[in-house]
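Written below as structure tokens is the structure these notes are about.
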């Protein structure tokens with residue numbers, strides 16, 4: 001950013017969210033109850049939630065990372081949007097949204113206590129809390145470090161300004177402020193991506209030239225059906241592995257579930273997830289186009305190889321500063337778009353973390369407080385979490401590359417086991433707490449082992465050829481020795497590991513969640529069956545806590561269409577009681593109490 005216009009645009013993008021937060025704190029309901037502060041009175045509109053879902057997912061890390069992925073490896077990353085996101089939306093539509101609406105959870109981990117035990121609930125709570133706090137530090141640090149390296153903006157300015165702004169409006173305006181600013185940030189990011197595409201294509205010499213350059217340098221191979229899981233980006237890795245990587249974030253994370261249950265009706269929540277996927281595909285496509293444009297511009301002077309940038313996720317900001325600096329205000333606008341991704345993700349994370357800490361920990365320890373006191377506690381918790389994230393971002397800056405890699409891999413390490421523990425409860429009727437504990441522990445052990453091995457035996461990157469042939473003479477002479485030829489073009493080299501375990505460690509990062517989920521499901525199911533006691537087998541679980549898979553399959557038959565329940569969005573049996581409040585007693589005279597009221601026989605009767 002090198003003009004006053006850049007700074008004006010950037011500062012305005014920070015002031016607008018603060019104004020929104022204070023509006024909802026002073027006039028938009030005043031956030032006096034926990035339901036209002038954390039769930040917006042469960043009265044949000046589906047279109048608003050859909051925009052918030054995308055903004056909460058499409059963080060600055062994803063924005064910079066998607067562009068860098070295509071710039072570095074090629075256009076095949078678009079498969080993630082064209083195929084995997086639809087699978088995620090289908091899973092949320094069929095299973096997770098109707099089930100969480102049916103049992104009326106506030107914290108998603110309430111389901112784990114109802115289905116298994118309070119100990120399993122704490123496992124889910126701790127996994128989510130630790131993962132998100134550490135990942136929020138990364139989301140705050142990455143764009144601040146990028147703009148510091150490329151544009152010279154002090155690191156402290158980026159970290160403190162972004163952290164303080166999102167903490168302010170999240171703590172004052174609650175979920176309403178968060179979702180409305182998410183919508184604003186999404187529109188800002190979408191506008192920035194479109195602007196960058198238009199300007200970038202013109203700068204690069206036209207869209208045809210962009211495609212031609214990328215095709216000549218082997219970056220337009222979209223469909224690679226190689227079944228080898230160690231190849232970084234294949235059709236199977238991106239579509240199946242990518243779906244299971246995104247699924248924990250969109251189905252069982254508190255951030256997503258909190259938005260689904262803030263809509264009154266299942267049908268509207270389902271609509272929101274489909275709208276959000278459509279918008280997400282558009283944004284991913286635009287980010288991919290920008291990656292192709294930047295490669296076409298730097299085809300003969302790769303900035304990473306030339307040492308102009310330290311990491312490939314800095315290429316977008318480097319391109320804006322290097323090639324578009326003459327357009328006053330544009331670099332400030334693009335910087336605002338990147339930081340908008342951070343603001344959206346961090347504010348959403350702070351609000352969801354606050355809900356989990358309140359429901360899963362604070363209310364368990366202090367039951368004498370009233371709702372007004374809990375609301376004040378929520379605001380204080382949000383401020384404290386914001387301070388922790390800001391401090392963590394500074395600590396991350398002074399840590400080594402190993403720590404940065406660990407933070408970057410957190411969602412891949414914990415996502416699969418966390419998804420596995422929920423699907424184990426939803427789909428396996430005989431699963432119990434012992435199986436849940438051992439399943440999630442085994443899944444975590446597997447992903448941690450795999451991730452650690454990948455740091456010791458780095459996998460092949462399968463990067464396309466890069467060139468520095470048209471860089472300045474100083475840069476060319478400095479880097480030619482590393483390339484080791486006279487053309488200035490470096491071709492990818494595939495290393496064959498001698499250690500047989502190294503091939504396992506070379507598994508693509510997009511398979512981590514799939515492996516963690518599979519191990520959790522298999523170990524959890526087998527352990528539950530082996531360690532099931534006679535009392536557990538006789539008591540069973542309440543059928544309302546199990547997804548009726550058999551009924552769902554049968555409901556697609558023409559003769560069974562009438563068995564769909566319009567309220568819950570689930571297939572129903574002759575039992576008309578489809579809604580259940582966790583921990584709520586049945587009608588007077590009944591001795592049964594949820595969550596464990598059903599018997600194995602009653603469950604069989606309900607799905608017969």
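Cβ coordinates come from backbone N, Cα and C, glycine included.
TrEMBL annotations: computationally assigned, not manually curated.
Because the structure is a prediction, the values reported are computed rather than measured.
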Transmembrane segment according to TrEMBL, located in which of 435-457, 458-480: 435-457
Transmembrane segment range according to TrEMBL, out of 307-332, 333-358: 333-358
The transmembrane segment (378-396) and the transmembrane segment (149-171) contact flag, 3+ Cβ pairs under 8 angstroms: yes
Which of 6-26, 47-65, 122-143, 234-252, 402-428 contacts the transmembrane segment (333-358) most, counting Cβ pairs under 8 Å: 47-65
Same-chain residues near the transmembrane segment (77-101), Cβ under 8 Å, at least 6 residues beyond its ends: 66, 69-70, 108, 111, 222-223, 233, 235, 238-240, 242-243, 245-247, 250-252, 256-257, 260-261, 266, 269-270, 273-274, 276-277, 280-281, 284-285, 288, 291, 422, 426, 547, 552, 568-570
Cβ pairs under 8 Å between the transmembrane segment (47-65) and the transmembrane segment (435-457), at least three: no
Segment proximity, the transmembrane segment (234-252) to the transmembrane segment (509-531), 3 or more C-beta pairs under 8 Å: yes
Annotated stretches the transmembrane segment (122-143) and the transmembrane segment (402-428) touching (3 or more Cβ pairs under 8 Å): yes
Beyond the flanks of the transmembrane segment (273-298) by 6 or more, those residues with Cβ under 8 Å of it: 46-47, 49-51, 53-54, 57-58, 63, 66-71, 75, 77-78, 80-82, 85-86, 88-89, 92-93, 97, 186, 189-190, 193-194, 196-197, 200-201, 203-205, 209-211, 213-214, 217, 219, 250, 260, 315-316, 319, 323
